[in-house]
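K.L.:
Structure below; questions to follow.
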Amino acid sequence: MTLKELLVGFGTQVRSIWMIGLHAFAKRETRMYPEEPVYLPPRYRGRIVLTRDPDGEERCVACNLCAVACPVGCISLQKTETKDGRWYPEFFRINFSRCIFCGLCEEACPTTAIQLTPDFEMGEYKRQDLVYEKEDLLISGPGKYPEYNFYRMAGMAIDGKDKGEAENEAKPIDVKSLLP
């Protein structure tokens, strides 16, 4: 072993001890989770929920756009119709063990029924418990869009009533009368 190799080896040892000394007294990055809250960015995408419109009815019209937009195919639903002609899902199922929380289902939803919340505590012991049904996903409130009601905004006719005759619905605008 030459003197040069000996000095290089000694230098690396001193540098390693110096680095350990610097990091030994630095602030720790590990946070104790339950005691210290976790910082979530404003646009954090967590658990998926189904919201209700201001009247208290579920917003989902079972259009199946969320299931088509999902890249992993974790959403499944079946459409049914009420007596007054409104569509709603007979069942709505999300498999959270497959979900990648990309938010494409929220973007595809025309009624803002699907929304991603900042809830991230979804650990389960059995994989079957990560399959959420409609009853598990429905929340009691309107979510991020409190005043939005799809049937009022879309102008869809309900059986037995023309457009504009439903409850709390404005009359449709005659576009031809607005022309110069």
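Along the chain as shown, the residues are counted starting at 1.
For all residues, glycine too, the Cβ spot is worked out from N, Cα and C.
Pasting the relevant annotations from Swiss-Prot:
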type	residues	note
DOMAIN	50-80	domain '4Fe-4S ferredoxin-type 1'
BINDING	C60, C63, C66, C109	[4Fe-4S] cluster 1 binding site
BINDING	C70, C99, C102, C105	[4Fe-4S] cluster 2 binding site
DOMAIN	90-119	domain '4Fe-4S ferredoxin-type 2'
K.L.:
Sort out for me which one of C70, C105 has the most neighbouring CB atoms within 10 A, since those are the binding-site residues we care about.
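P.N.:
Compared across C70, C105, the most Cβ atoms within 10 Å surround C105.
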K.L.:
For C66 ([4Fe-4S] cluster 1 binding site) and C99 ([4Fe-4S] cluster 2 binding site), what Cα-Cα distance in Å is obtained after rounding to a whole number?
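P.N.:
Spelling it out, the Cα of C66 ([4Fe-4S] cluster 1 binding site) and the Cα of C99 ([4Fe-4S] cluster 2 binding site) are 12 Å apart.
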K.L.:
Can you check how the pLDDT averages out over the domain '4Fe-4S ferredoxin-type 1' (50-80)?
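P.N.:
Looking only at the domain '4Fe-4S ferredoxin-type 1' (50-80), pLDDT averages out to 93.
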K.L.:
Specify the secondary structure state of C102 ([4Fe-4S] cluster 2 binding site) as given by DSSP, simplified to three classes.
P.N.:
coil
K.L.:
What residues elsewhere in the chain lie close to the domain '4Fe-4S ferredoxin-type 2' (90-119), defined as a C-beta under 8 angstroms and at least 6 residues from its ends?
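P.N.:
Answer is 40, 44-51, 58-63, 65-80, 127, 130-134, 137, 143-145, 148, 150.
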K.L.:
What is the nearest of the binding-site residues C99, C102, C105 to C63 ([4Fe-4S] cluster 1 binding site), using the Cα of each?
P.N.:
C105
K.L.:
I'd like to know which of the binding-site residues C60, C63, C99, C109 has the most other Cβ atoms within 10 Å of its Cβ.
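P.N.:
Of C60, C63, C99, C109, the one with the most crowded Cβ is C60.
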K.L.:
Near the [4Fe-4S] cluster 1 site, what residues other than C60, C63, C66, C109 in the same chain have a C-beta no further than 8 Å from the centroid of the listed C-beta atoms?
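P.N.:
Not counting the recorded site residues, we get V61, A62, N64, L65, L77, C105, A108, P110, T111, A113, I114.
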K.L.:
Look at the binding-site residues C66, C102 and tell me which residue has the greatest number of other C-beta atoms within 10 angstroms of its C-beta.
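P.N.:
Result of the Cβ crowding comparison: C66.
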K.L.:
Could you check what DSSP calls C63 ([4Fe-4S] cluster 1 binding site) once collapsed to helix, strand or coil?
P.N.:
coil
K.L.:
Distance check, please: Cα of C105 ([4Fe-4S] cluster 2 binding site) against Cα of C60 ([4Fe-4S] cluster 1 binding site), rounded to an integer number of angstrom.
P.N.:
12
K.L.:
If you measure C102 ([4Fe-4S] cluster 2 binding site) to C109 ([4Fe-4S] cluster 1 binding site) at Cα, how many Å is it?
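P.N.:
Each residue's Cα considered, C102 ([4Fe-4S] cluster 2 binding site) and C109 ([4Fe-4S] cluster 1 binding site) end up 14 Å apart.
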K.L.:
At the Cα level, what's the spacing in Å between C60 ([4Fe-4S] cluster 1 binding site) and C99 ([4Fe-4S] cluster 2 binding site), rounded?
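P.N.:
Checking the Cα atoms of C60 ([4Fe-4S] cluster 1 binding site) and C99 ([4Fe-4S] cluster 2 binding site) gives a distance of 19 Å.
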K.L.:
Centre the Cβ atoms of C70, C99, C102, C105, go out 8 Å, and tell me which other residues of that chain have a Cβ in range of the [4Fe-4S] cluster 2 site.
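P.N.:
Near the [4Fe-4S] cluster 2 site, the remaining chain residues are I48, C66, A69, P71, V72, C74, I75, I100, F101, G103, L104.
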